[in-house]
Amino acid sequence: MANMIDKIDLKSQGSSNLSGEMTNHQKVGTLYKRLLLQVKHLWHFLLLAAIGSIFFSAADASMIYLINPILNYGFGPGGGITKQSATILMLMGVGMVGLLALRSVGSFVSQYFIGSLGQKVVYKFRKDIYKRLMDLPASFFDKHSTGQIISRLLYNVDQVIEATSTAIITVVQDGTFVIGLIVVMFVSSWQLSLFLIVVGPFLGLFISIINKKFRNLSRNTQSSMGNVTHTAEETIRNYKEIRIFGAQQKQQNKFFKNLDYTYSQQIRTIALDALTSPVIQIIASLVLAFSLFTIAIFGTNEGDGSSWLTAGSFASFFAAAAAILKPIKNLTKVNVVIQKAVAATEDIFYILDYPAEKETGSKELAKVDGNVTIKDLSFAFGEHKVLSGVSVDIKAGQTVAFVGKSGSGKTTLTSIISRFYTQHEGEILLDGVDTRELTLENLRSHLSIVSQNVHLFDDTVYNNIAFGLSREVSEEEVIDALKRANAYEFVQELSDGINTNIGNNGSKLSGGQRQRISIARALLKNAPVLIFDEATSALDNESERVVQQALESLTKSCTTIVIAHRLSTVENADKIVVMDGGRVVESGKHQELLEQGGLYTRLYQSGLQ
């Protein structure tokens, strides 16, 4: 049997789940316990569902047992119906109606409360995961793709609902039914029932073998589903680039490869699942056949020919024995669901247990002038040194442009200023206070970011501009920000003005329009420090001119740190910091640096692109 199961190949083809491999049974047990703790506070739902299941199963088992008295006492000698037997039959009929009513009530109660329990657990998981994602550090999102994370939030949680609803109701309802049927069999004939005990060890051995197989298959399937989701999300997001560069076939092959692996794992799960029930039924059938041979050989006592097995007890015993196969089959099938849930739960708890963004500060600054001082800053991604000994002094109200080749550390520096990463050495001071001493919320309340890749939300213009502000924002304030960002003219032309939905990431707007909405958002926040990762190189001349005017409006009232790509920005900056290999190699005003004839001069001559 084990060899038969081992033929179902479980080898992973490079897929990896978020949390890594389960290493031992203790870890599996811990996951089970943690999953059960999620329903601990809903014990009354579980109790009511269990009571309903007991009523349901007890009614089913009792109806099967009624075969015994009906056959033994419901008919007279020779199989006819007498007055006495007719009374018994009528009583049995009334009893069956009562049992069916009890069964119906039990079925409703168990399914309703178990279903509600499952939905409550999934609701809680999705809320907890989403809340946790809001607190996770940038390193988490660097390690895991968007598709993988979304798959955990949606697909994995769906697997848990199967364990907390379908699986639990199957275990409770079919489990109590099996117990009830065993009782019926022992009451009908304890001698025959003893033969059924031999099936236990065989079933236990079989189930223990397939448990590990199911768990590995489930883990591989969930991991590959994350890859499928990621590739699909990547394709949808970058559909223009894929078509422009003629990469449809390449991207399709990548998606199909992930899909093929997911399909193969699911087919292996189906094969293993399909193998389980027939084997169990064969074992049970052999036991039943053995019981029939026993009856034929030992069914009568010596001497008077009387039997220890009546027609009624024989019929009720075998009715129960036949009926027990289906719930046993259901119980073995639920193992597939439970193993999927365990694998899914592992990744869910990995996210929930992942260390949150480190909060090192406790101070809060009510008002900030915007003085930013960077002292001997160093940072590395693993073994790769990105910044080394960077020192820059930025006065309040200044516009400082950072220039340098790609990979020189400019963007990383701005991520450290906003504490998405924490420096390994050195310090960054905001108005003389180390940013690590400030709470994350307080520090970021003094910062605005206009990123190179503008990120807008599938919402209205108004909500995108007022995004993140805790106070009520009037339409007049939003319109004022739009005017200062040179965006109000085109917004007025939209179908619903500032209440127009702009689509996924502002897909209904042009590049320049999206840029100006982002600038209007920063204007409304009115933070004393602006981090601007310039992207005007992607715009046409007219859009660039309009955006540049909007930027001038924005930078008048704050300290501006610019990752510069355009000559116009560099020329107008109060200070230019030239970076190379993670170090500051030159610093000064535009004309001063040109006269030095160094790296800045070469970058300037090449257009700074």
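Using N, Cα and C of the backbone, Cβ positions are placed for all residues, glycine too.
Among the features that Swiss-Prot reports, ATP binding site is placed at G404, K405, S406, G407, S408, G409, K410, T411. Counting only same-chain residues at least 6 apart in sequence, those with a Cβ under 8 Å from the Cβ of G404 (ATP binding site) are K410, V578, M579, D580, L599, L603.
Sequence annotations record features per position, and here Swiss-Prot assigns domain 'ABC transmembrane type-1' to 47-340 based on sequence analysis.
Annotation source Swiss-Prot lists domain 'ABC transporter' at 372-606, citing sequence analysis.
Long-range neighbours of the transmembrane segment (47-67) within the same chain, counting only residues 6 or more positions beyond its ends whose Cβ lies under 8 Å from a Cβ of the stretch, are 92, 95-96, 99-100, 102-103, 105-114, 117, 168-169, 172-174, 176-177, 179-181, 183-184, 187-188, 312, 315-316, 319-320, 323. Look at Swiss-Prot and you will find 47-67 (among others) tagged as transmembrane segment, backed by sequence analysis.
Residues or ranges marked as transmembrane segment by Swiss-Prot: 88-108 (among others).
Proximity of distant same-chain residues to the transmembrane segment (167-187), defined by a Cβ-Cβ separation under 8 Å and at least 6 residues beyond the stretch ends, is recorded for 46, 49-50, 53-54, 56-58, 60-62, 64-65, 110-111, 114-115, 117-118, 193, 196, 316-317, 320-321, 323-324, 327-328, 330-331, 333-334, 337-338, 341. Swiss-Prot lists 167-187 (among others) with the feature transmembrane segment.
If you look up Swiss-Prot, you'll see 190-210 (among others) marked as transmembrane segment, on the strength of sequence analysis.
Summarising the annotation, Swiss-Prot assigns transmembrane segment to 279-299 (among others) and lists sequence analysis as the type of evidence.
Positions annotated as transmembrane segment by Swiss-Prot, on the basis of sequence analysis: 305-325 (among others).
Within the group of binding-site residues (G407, G409), the Cβ with the highest number of other Cβ atoms inside 10 Å belongs to G409. Counting other CB atoms no more than 10 Å from each candidate's CB, the binding-site residues K405, K410 peak at K410. T411 (ATP binding site) carries a helical DSSP state (H, G or I). For the domain 'ABC transporter' (372-606), the predicted model reports an average pLDDT of 87. Here the binding-site residues are S406, S408, T411, and the one ringed by the most other CB atoms within 10 angstroms is S408.
Taking the centre of the Cβ atoms of G404, K405, S406, G407, S408, G409, K410, T411 as the ATP site, the nearby residues of that chain (Cβ within 8 Å, site residues left out) are M579.
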